Amino acid sequence: MRGGTVQINWHDLQPVLTLDFHPVSRRLATGGGDHDIKIWAIASDESEEKLPTASYVSSLSSHSSAVNVLRFSPSGENLASGADGGGIILWTLHSTDDGEAWKIHKSLLFHRKDVLDLQWSSDGSYLVSASVDNSCIIWDANKGVVQQMLEGHLHYVQGVAWDPLGQYIASLSSDRTCKIYANKPQGKSKNTEKMNFVCQHTLVKAELQNHDESKPPVKTHLFHDETLPSFFRRLAWSPDGSFLVLPAGLCKYSSEVINTAYILSRRDLSRPAIQLPGASKAIVAVRFCPIVFTLRGSQSEGLFKLPYRAVFAVATFNSLYVYDTESAAPILIHAGLHYAAITDIAWSPDAKYLSLSSRDGYCTIIEFENEELGQPHALSGKKEVTEGNVTCRNTKPPTVDSMEVDVSTRKIKKSGSPVGTVTPPPVLAENSTLRMKEGNVACEHAKPKADSMDVGVGASKAKTEASPMSVEVTPPPVSAQKSASSKPTKKRITPIAIN
């Protein structure tokens with residue numbers, strides 16, 4: 001694995017606010033404060049000492065304000081971009097004598113204020129957008145019209161994610177709530193059921209049992225408030241739709257505030273099932289690798305009962321953590337990547353590259369060696385992706401109702417500073433806020449510093465409890481006899497200008 005800052009001043013010294021890889025090629029699109037969208041071709045240098053290169057391909061210049069989000073459609077034929085002021089543009093790829101060109105297909109004008117996030121439906125027929133006007137809008141991408149408005153948030157909607165199986169949409173707002181909308185079609189239009197998303201769950205607060213039993217439980221919010229210095233809370237579904245990861249989470253224990261991300265199982269979207277270990281800074285974005293991998297044989301250490309490994313990246317303001325579903329601790333940590341806040345994450349379709357954008361005007365690209373992340377797991381359905389790191393034949397997503405979170409209690413010890421815990425929060429109360437019973441939370445009070453964090457996965461001890469379930473994960477011991485492969489890769493990268 002190698003990586004670093006491959007280009008400086010991509011957007012005329014302005015912040016780079018978003019980026020996304022084309023789902024078929026290694027084209028990378030970036031958007032930022034200069035109002036432009038730029039397309040780059042990412043390639044590896046034959047020399048192992050040199051970083052990946054980014055070659056300029058073209059610019060898309062029709063927005064009149066900062067571009068906050070852009071996402072390619074699943075087929076790669078279209079690109080959607082959202083900007084300040086509420087404008088969304090749909091671009092279509094055209095072949096030309098010179099190669100390729102992106103031309104405006106539709107302009108979607110209904111949001112009254114800045115668009116902060118958007119995502120396509122799995123078939124590319126619709127997309128959902130999130131805005132500072134406190135609403136989400138579902139758009140018919142073919143007709144360019146509003147299909148449905150999702151209202152109910154009381155502050156900016158800073159993240160939105162469409163379930164790859166098409167049943168749910170999740171939104172995350174600076175009003176400190178996450179809303180889960182379920183599609184409940186009403187009537188038929190031209191022999192097809194009419195889409196109708198209805199709010200099914202709202203995640204707001206948790207209740208912690210007071211140490212003094214004579215006092216009432218203490219209520220605490222699950223998410224940061226509007227003072228979080230980021231416009232983005234980019235949440236993400238796993239590629240198979242089996243679980244959802246929510247950024248901008250926090251836990252309060254006494255006077256200690258711990259940053260975290262929550263994981264919701266598709267089986268029960270009314271409450272988080274797992275809490276990721278605490279990060280030193282607030283988590284602002286989550287992105288899943290589009291490819292799943294075969295198990296490595298350490299399933300006993302994992303928190304999920306899945307027949308394969310899903311890999312996802314979590315970005316804080318200044319650090320990157322990469323997790324997989326077969327281990328409790330991060331498998332990769334990068335710190336000191338940028339001088340300003342990280343804004344977005346993108347994976348290449350072949351899992352060869354992982355890219356980050358930042359407000360400092362830099363972009364970082366991490367390149368993985370062939371099969372460094374593992375052997376691809378064959379899933380039927382999607383077309384084969386063959387380039388560089390993996391060859392993956394994706395098939396129809398498996399039935400995810402059988403997805404389970406491992407309820408075994410795992411105690412992993414480590415000498416030195418504690419890193420955090422992974423704890424499934426407790427059962428939701430009837431009013432759809434989390435209620436936490438005493439004994440269900442195990443969280444170390446010392447927060448790690450990402451640039452000095454060293455986490456591995458050791459032997460685990462299982463213990464099963466009755467509902468509500470509890471999973472405790474504390475840092476493993478550092479053993480001199482342990483192989484290096486049992487620890488996540490740790491590296492500090494300082495941004496530099498590359499000519």
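Just so it is clear, glycine is given a Cβ too, placed from its N, Cα and C backbone atoms.
Unlike curated entries, TrEMBL annotations are predicted automatically.
For 3-373, the entry in TrEMBL reads domain 'CAF1B/HIR1 beta-propeller'.
What TrEMBL lists as repeat 'WD' is 16-50 (among others). If you take every residue in the repeat 'WD' (16-50) and average the pLDDT, you get 90.
What TrEMBL records for 60-101 (among others) is repeat 'WD'. Same-chain neighbours of the repeat 'WD' (60-101): 14-15, 17-25, 29-39, 107-120, 122-124, 127, 129, 131, 133, 139, 141, 144, 231-232, 344, counting only residues six or more beyond its ends whose CB sits under 8 Å from a CB of the stretch.
Look at TrEMBL and you will find 108-149 (among others) tagged as repeat 'WD'. Secondary structure of the repeat 'WD' (108-149) per DSSP (helix as H, G, I; strand as E, B; remaining residues coil): 0 helix, 24 strand, 18 coil.
Taken from TrEMBL, the feature repeat 'WD' applies to 150-181 (among others). Within the chain, the repeat 'WD' (150-181) has long-range Cβ neighbours (under 8 A, six or more residues past its boundaries) at 116-123, 127-132, 134-138, 197-204, 221-226, 228, 230-237, 239-241, 244, 246-248, 264, 269-270, 397, 400.
Positions annotated as region 'Disordered' by TrEMBL: 389-427 (among others).
Taken from TrEMBL, the feature region 'Disordered' applies to 445-499 (among others).
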